[in-house]
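Visitor: Have a look at this one.
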């Protein structure tokens, strides 16, 4: 086992990364190795898909499958060996189909593309060891390995967003072509550091287009988000909790529970769903329960209803003994947990009806969400005017992925200390760090603006570009500071997107990605001013000194 893809990866005297019997996320060494085997199989498929495009062959099934299956290898997504084995078998089938289609064509493919490892289910962990991500670290050096992993984890993040967009009807053959080309590049086992660095930024550029697609899919399907108060307290009655990121699944659950006397709650990054007009038509979408993903074992154990995980992040449900009332969807999996194929949630509804639900209604406590792209752009003229007259001095984007490290208290501490002439934008499950802080308003404008899910960084980027145009300056000249919390691979690709757009002086934390060596961190600092978080006091002194 060698896994170093998330923020909570182990740091020991013998090295960085989860390398023993079990990762810190809970996946076993066998599952980790099986996921590495799946990654290798997908790199092989993409290598053939990239070659096929060069001779005019496009396989739509391949274009959909590879990102979806790669999504299954993200942190806290799929721990089910049978499901992973199925993805590997399918990858082999598609690779073989493309091989036949390309037979006789004079194409140069990397050795990985045509390799035949023992991918029978019982041997996949062994195959994973053959293709372990650090298998040639001694030969290529830690810097090149780190850059390869930066590209791979960026591709994992973009794969997740491509799948989210596909579910909402958004596909693009040019995006698929770019994705396969990047995968094929990695399959060639590159060793040129400059080339790898450029590739990482190109992945970030491609992701900007994918975030645009996802934004179009969400707003085209559900309408433009509107500022909406969300109840954060239970209401008496039967209950279903929907976690993850998939708005499509949430809508189907609401449609199928209408008139059944079941209240539906969002959890984690599903909270921004309340801002979309399409969900306002369902009054039994009653509120948001709980907070960020890392608290789910206690929160799910206390929830008296059925639970649906539509995407990451899933933690071992056995700890809270709720494995018999949690269901997985799409690419999510856990051994022994019931998986919902298709869009029929009858089993979930029956489970909720058999459970007690909440006995009493608590006094409401609300949180405002819904400051998506359109809402921000609509407010932009008023924001610009407040900046010009000195009522708003600085903007802070404080958000991203949350996690369990104590150092993450920095984000809430910084938000509390910021003066009243500053505005805070937040997104992702990092928003829950700011719970309980009374931000008030600046001349009628709320000081805290929840932009949405992690992928809604697109809306924040669009606002920054609009402000830069209005003030006739570059984005880096704006009174704007990005303070990002990262945890997994979606955050990595968003960071790459920001860097590809030329955004500088980003602060990230709570720790540096384990796959980035000191040399790579120094390079990112020199070229982009990228730095780790320090203390709230230092951040304020550095950003408000002018």
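The first residue you see is number 1, and the count goes up from there.
For all residues, glycine too, the Cβ spot is worked out from N, Cα and C.
Swiss-Prot lists these features:
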type	residues	note
BINDING	3, 6, 18, 25	[4Fe-4S] cluster binding site
BINDING	245, 269, 313, 401, 429, 454, 488, 490	hybrid [4Fe-2O-2S] cluster binding site
MOD_RES	401	cysteine persulfide
Visitor: Would you please pick out, from the binding-site residues 245, 490, the one with the fewest other Cβ atoms within 10 Å of its Cβ?
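Guide: The binding-site residues 245, 490 were compared, and 245 has the fewest Cβ atoms within 10 Å.
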Visitor: Expressed to the nearest Å, what is the distance separating residue 490 (hybrid [4Fe-2O-2S] cluster binding site) and residue 25 ([4Fe-4S] cluster binding site) at their Cα atoms?
Guide: 16
Visitor: Enter the number of other CB atoms within 10 angstroms of the CB of residue 454 (hybrid [4Fe-2O-2S] cluster binding site).
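Guide: Cβ-Cβ neighbours of residue 454 (hybrid [4Fe-2O-2S] cluster binding site) within 10 Å number 27.
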Visitor: Closest of the binding-site residues to residue 3 ([4Fe-4S] cluster binding site), Cα to Cα, picking from 245, 313, 401, 454, 488?
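Guide: The smallest Cα gap between residue 3 ([4Fe-4S] cluster binding site) and any of the binding-site residues is with 488.
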Visitor: Quick one: Cα separation, residue 429 (hybrid [4Fe-2O-2S] cluster binding site) versus residue 6 ([4Fe-4S] cluster binding site), in Å?
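Guide: Between the alpha carbons of residue 429 (hybrid [4Fe-2O-2S] cluster binding site) and residue 6 ([4Fe-4S] cluster binding site) there are 15 Å.
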Visitor: Measuring Cα to Cα, tell me the gap between residue 269 (hybrid [4Fe-2O-2S] cluster binding site) and residue 6 ([4Fe-4S] cluster binding site) in whole angstrom.
Guide: 18
Visitor: Taking the centroid of the Cβ atoms of 3, 6, 18, 25 as the [4Fe-4S] cluster site, which other residues of that chain lie with their Cβ within 8 Å of it, listed in sequence order?
Guide: 4, 5, 8, 9, 10, 17, 23, 24, 27, 32, 75
Visitor: Restricting to the same chain and to sequence separations of six or more, state which residues have a Cβ under 8 Å from that of residue 18 ([4Fe-4S] cluster binding site).
Guide: 1, 2, 3, 4, 9, 10, 24, 25, 32
Visitor: According to DSSP, does residue 269 (hybrid [4Fe-2O-2S] cluster binding site) fall in a helix, a strand, or coil?
Guide: helix
Visitor: Once the DSSP letters are reduced so that anything not helix or strand counts as coil, what is residue 488 (hybrid [4Fe-2O-2S] cluster binding site)?
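Guide: Coil, per DSSP.
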Visitor: Going along the chain, which residues six or more apart from residue 401 (hybrid [4Fe-2O-2S] cluster binding site) have their CB under 8 A from its CB?
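Guide: Once residues fewer than 6 apart are set aside, residue 401 (hybrid [4Fe-2O-2S] cluster binding site) is near 7, 428, 429, 430, 454, 485, 486, 487, 488, 490, 491.
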Visitor: Would you kindly give the Cα-Cα distance separating residue 245 (hybrid [4Fe-2O-2S] cluster binding site) and residue 6 ([4Fe-4S] cluster binding site), rounded to the nearest Å?
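Guide: Cα-Cα distance, residue 6 ([4Fe-4S] cluster binding site) to residue 245 (hybrid [4Fe-2O-2S] cluster binding site): 18 Å.
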Visitor: Please determine which of the binding-site residues listed here (3, 6, 25, 429) has the lowest count of neighbouring CB atoms within 10 Å.
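Guide: It is 25 that, of the binding-site residues 3, 6, 25, 429, has the fewest other Cβ atoms within 10 Å.
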